[in-house]
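The domain 'GspL cytoplasmic actin-ATPase-like' annotation in TrEMBL covers 44-158. Taken from TrEMBL, the feature region 'Disordered' covers 341-362.
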Amino acid sequence: MTTTLLLLPADAAAESIAVRADAQGQVQSVGHATAPPEPSARALLVVPGVDVHLRWLRLPGRSMAQSRAAARLQLAEHLAIETQALHVVIAGSAEADGTRLVAAVDSVVMQQWLARATQLGFAPDAVVPDCLLLEPGADATAAVMHWDGRWLIRGAQLACSLEPEAARLLLGDRVPAVPPGPDPTHSIAGFARSAAHVPIDLLQHPFANKAAAEQKRAPRRLAVLAALVLLSPVLLLLAQTLRYEIGARVLQARTATQLGVHDAAAVPAALQARRQAGTATDRLAMQLSTLFAAVDTLPAAELDQLDYNPAQPLRATLLHTDDASLQQLSARLADAGWHLDPGSSQVEDGRMRTPFTLEPLR
C-alpha cells in the first residue's frame, strides 16, 4: 500500500513537500507540492507540531463525549486559552499506565491546514502532528530530529516541536551528544517509516472525513435495524435497564477500590473525606466521576456540555426525556454530597435540554 505524505511547514507562505512511500515505509519520491499528487492508497497530512498541544491524561467517563469533556477541563488548568475554541482528539488506545494521548489544536488553525491541503488538491485520510511521526527513544532517552527549523522531540509521554534553544532547556542533560543536523533527507525518511502507524488522527469529530465516517456508520445502521426487527420493545427496555444497573455497580466498585474502602456503602463518606482534604484537581475528578455515574443510571439521559472554572461551580447541560429524570439525578447527586441547581429547560427534537450547576452541599 502506497502512502502520500503532504508535509506542511509552519510558515504558510513556504512551499509544502509531497512524499510518496511504499508499504515498507521506504521513500519513493520527494518533491514540492505544486500540483495535485499522484493517486495513492492512503493520504496523510503532516502538520506543524508546534501548534498542537500534546498531553497524556487520565480521563474519567465511559463514552468518548464524556472523555473529551473531561479532557477540556483538564487542559483548561494547563493552557491559558479558551478551551471551547480547541479541537480536542483522544487516542484510540490507552498507555500501559492507563493514560491516553490527547491532542488539542485551535479549530481555526485546523481549518487553515485543511484549506492549504485543498488548494494543493490533497484530500487527507488522516492528519497527524510532525513530532508524532518520530519513534520514541529507548529507555529514558528522547529521540530528537531537526525539521522546519525546529527540533522534534519524542520520548516516554513526551512529544513536542520547539525552537532549538528551548529544546535544549527542556532536554537538559538528555541533549544528544551530536545535535540533529538541518538536512531534511533524514527527517523525511523517518516520517515515511512511521507513516503506516500514527498514534493519533486529528481528522475526527467536526473535521472527520465525511466519506470515511459514512462508511463506518453504514454497518452500524444495519445492525441497529436488524436488532429493532428481532427484538421487542419490552426486551430492549429490559436490556437497557440491565446495562445501566451493571454499569452503576462497576463504577461503584471501581470508586471503592480507588478510595481504599471495601464496601460500596462507604464510598460517600470516603468521597467526603477526600473532597475536604484533596486538591482542586482531585475534587474535580471526584465530581466528574460522581456526575458521570449518576447520569449513566438514568435511561435515555446524557450530558451534552461541561464547563469548568476553578472559581465557579461546575456547569453542565443534561439531555433527558422528562422532569422525573432530572429529579432522580438531583437526588442521586445529593446522596453523594452534591447540590444540583437546574436552569430553565428547553425542548429540542423531542428531548428536554436543561442547564445546571453542581456544587458541594452546604
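Quick reminder: no glycine exception, Cβ is built from N, Cα and C everywhere.
Where the annotation comes from TrEMBL, it is an automatic prediction and has not been curated.
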| request: By DSSP assignment, list the helix, strand and coil residue numbers for the domain 'GspL cytoplasmic actin-ATPase-like' (44-158), in that order. | output: 37 helix, 37 strand, 41 coil
| said: For the region 'Disordered' (341-362), how many residues does DSSP put in helix, in strand and in coil? | reply: 0 helix, 15 strand, 7 coil
| note | Over the domain 'GspL cytoplasmic actin-ATPase-like' (44-158) the mean pLDDT stands at 90
